Amino acid sequence: MPVINNTVSLTHLLSMENLSTEEVMGLIKRGLEFKSGKVNCDSQEKYVTSNLFFENSTRTHKSFEIAEKKLGCQVIDFNADTSSVNKGETLYDTILTMSAIGVDICVVRHPQVDYYKELIESPTIKSSIVNGGDGSGQHPSQCLLDLMTIYEEFGYFEGLKIAIAGDLSHSRVAKSNMQILKRLGVKLYFSGPESWYSPEFEEYGQYVMLEDILDELDVLMLLRVQHERHNGTAGFSKEEYHQKFGLTQAAYQHLKDSAIIMHPAPVNRDVEIADCLVESEKSRIVAQMENGVYVRMAIIEAVLNGRKKVLPVA
Ligand code: CP
């Protein structure tokens, strides 16, 4: 596969809608270059990053931290529970402070949809913002690692048949992915409880029962049931949900030999996917976690490229 020089340059990374197709492909290919280990890049030790997570996270938080350290950035620790957030400090004031003390990039996860709007409109805040997830809004770095995983597997997007299945209406992963997958020429399907499906998804793909499409799919992208945003499993018991909407061992047998299974994780085992299938031959769930580091290196590098244009290093 040919590799390209990374020419992507971003001011912030907020939503997949803000990225051109060329920028998306540039970030994916740069992530693959980083993964190949054949790339030389300058150490970014003059730059300071901080990862500010106001919602729980394992993968996004820690893989951004590793990505920043691999690039040589100075990473400033932030823990919302021991910060002045507990004294009433607002998100705006936390980021204003980070900007004032010299943090170049703030990676932020926050439960409020579009939390970043007031931050990027501020004339005082100079830090770049990378969205690590805004409520049920967007999750662009997850989307980019998903795209990198699909591209690494198939080498193209056009014409692939992909189903996004599960908690569609509460999932920021689904929203980021459906927009860009449509733009990349994927034939998209949606599946899951009807109460978690919204007519606004119709412009991106077709609602189907999973069993009707399983043997045609190239990618089955399962979604986590977002227990923190609602109660229960759409009126079904966990076992009923698994049998009706999840990937059971029996359903796995209907997938094509070349098909892959994805899930952003954390996984609710035996709900979205049978426990024994999480690390199965067709599963790319662990590869997604690994690719998250490399695509986040590409994201941080692209934002630093953007800052170097505006603020040349002394
Ligand atoms: N997929 C994902 O965003 O995982 P975390 O919540 O652990 O970051």
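Cβ coordinates are placed from backbone N, Cα and C, and glycine is handled just like the others.
For the carbamoyl phosphate site, TrEMBL lists ARG59, THR60, HIS139, GLN142, ALA265, PRO266; matching the candidates ARG30, ARG109, ARG284 against that entry yields ARG109. The closest partner of HIS139 (carbamoyl phosphate binding site) among the binding-site residues, by CA position, is ARG172; the full candidate set was LYS87, ARG172, ARG224. Note on the domain 'Aspartate/ornithine carbamoyltransferase Asp/Orn-binding' (158-302): mean pLDDT across this stretch is 95. Taking a Cβ distance under 6 Å to any atom of ligand 1 as the criterion, the binding-site residues LYS87, ARG109, ARG172, ARG224 reduce to none. Of the listed binding-site residues, namely ARG59, LYS87, HIS139, ARG172, ARG224, the sparsest CB environment within 10 A is found at LYS87. Note: the CA-CA distance between ARG59 (carbamoyl phosphate binding site) and ARG224 (L-aspartate binding site) rounds to 14 Å.
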